[in-house]
Amino acid sequence: MSHPNVLLLGAPGAGKGTQSRRLVDEFGVEHVTTGDALRANKTKDITHLDVEYDTPGAYMDAGELVPDAVVNEIVKTALDDADGYVLDGYPRNESQTEYLDSITDLDVVLYLDVDEDELVGRLTGRRVCEDCGATFHVSFNQPETEGVCDACGGSLYQREDDTEETARERITVYEENTAPVVEYFREQGVLAEVDGERTPDEVWTDVAAAVDERTA
């Protein structure tokens, strides 16, 4: 049985992590994120790409943006190794979008649409497990024990970039960069827009239906 290839788009706080985990559980796909792929390949030799540093980790350690050529190759390797995937955190610009379209066949592109003020509220109240990455919220989805992850018992913390000012900056940058990506896939006829301002279960109903429809 083949598994679907899903691209998940949405601003920070849109609920991509929650929906990605459910896609993994329901459809048996692999969750591929740019960050995880880069961290797993920190020491990969990239001298053949004719870039400044010899490994992806060198860019990360220097706090510099990893070039598209490097990110593209790392993502391609991760997708090639996956029997179905949900891709999150890539592509981030038009160049990466065109590259992705050239190396894989997407069954559906899901865009979680959430208003900016709602996103800010979600981000500033978000708490993340330092061990397993599970997310909770001070206003909704609270853990059973304050400060403790329900899933693994790890400690919960607030990310440094989850302040209101930083959250709005992140959202603005994301929307500026991703608007052309969304439009690209809309024109390709593979985009499914989902109202992300509802409960996770309600959002999931539409997410699962969109994947089922495109892979039937």
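Each Cβ is built from the backbone N, Cα and C atoms, and glycine gets one as well.
Database features, via Swiss-Prot:
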- GLY13, ALA14, GLY15, LYS16, GLY17, THR18, ARG126, THR135, PHE136, ARG198: ATP binding site (BINDING)
- THR34, ARG39, GLU64, LEU65, VAL66, GLY89, TYR90, PRO91, ARG92, GLN96, ARG159, ARG170: AMP binding site (BINDING)
- CYS129, CYS132, CYS149, CYS152: Zn(2+) binding site (BINDING)
- 33-66: region 'NMP' (REGION)
- 125-162: region 'LID' (REGION)
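Shown on the structure are the features that Swiss-Prot records.
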{"residue": "GLY13", "record": "ATP binding site", "CB count, 10 Å": "27"}
{"residue": "GLY15", "record": "ATP binding site", "CB count, 10 Å": "24"}
{"residue": "GLY17", "record": "ATP binding site", "CB count, 10 Å": "18"}
{"residue": "GLU64", "record": "AMP binding site", "CB count, 10 Å": "11"}
{"residue": "ARG126", "record": "ATP binding site", "CB count, 10 Å": "20"}
{"residue": "CYS129", "record": "Zn(2+) binding site", "CB count, 10 Å": "20"}
{"residue": "CYS132", "record": "Zn(2+) binding site", "CB count, 10 Å": "11"}
{"residue": "PHE136", "record": "ATP binding site", "CB count, 10 Å": "21"}
{"residue": "CYS149", "record": "Zn(2+) binding site", "CB count, 10 Å": "22"}
{"residue": "CYS152", "record": "Zn(2+) binding site", "CB count, 10 Å": "12"}
Within the same chain, the residues 6 or more beyond the ends of the region 'NMP' (33-66) and with Cβ under 8 Å of it are 73-75, 77-78, 87-90, 92
Give the number of CB atoms, excluding that of THR34 (AMP binding site) itself, located within 10 Å of its CB.
19
Measuring Cα to Cα, how far is TYR90 (AMP binding site) from ARG126 (ATP binding site) in Å?
22
Whole-number Å distance separating the Cα atoms of GLY17 (ATP binding site) and CYS132 (Zn(2+) binding site) is 12
Work through the binding-site residues one by one (THR34, VAL66, ARG159) and name whichever has its CA nearest to the CA of GLY13 (ATP binding site).
ARG159
List the same-chain residues at least 6 positions away in sequence whose Cβ sits under 8 Å from the Cβ of VAL66 (AMP binding site), in sequence order, or say none.
LEU38, PRO56, TYR59, MET60
Do you know offhand how many angstrom separate CYS149 (Zn(2+) binding site) and ARG159 (AMP binding site) by C-alpha?
15
Cβ neighbour count (within 10 Å, all chains shown) around TYR90 (AMP binding site)
24
Integer mean pLDDT for the region 'NMP' (33-66):
93
Smallest Cα-Cα separation from ARG92 (AMP binding site) among the binding-site residues GLY15, ARG126, CYS129, CYS132, CYS152 is shown by GLY15
How many other Cβ atoms sit within 10 Å of the Cβ of ARG92 (AMP binding site)?
16
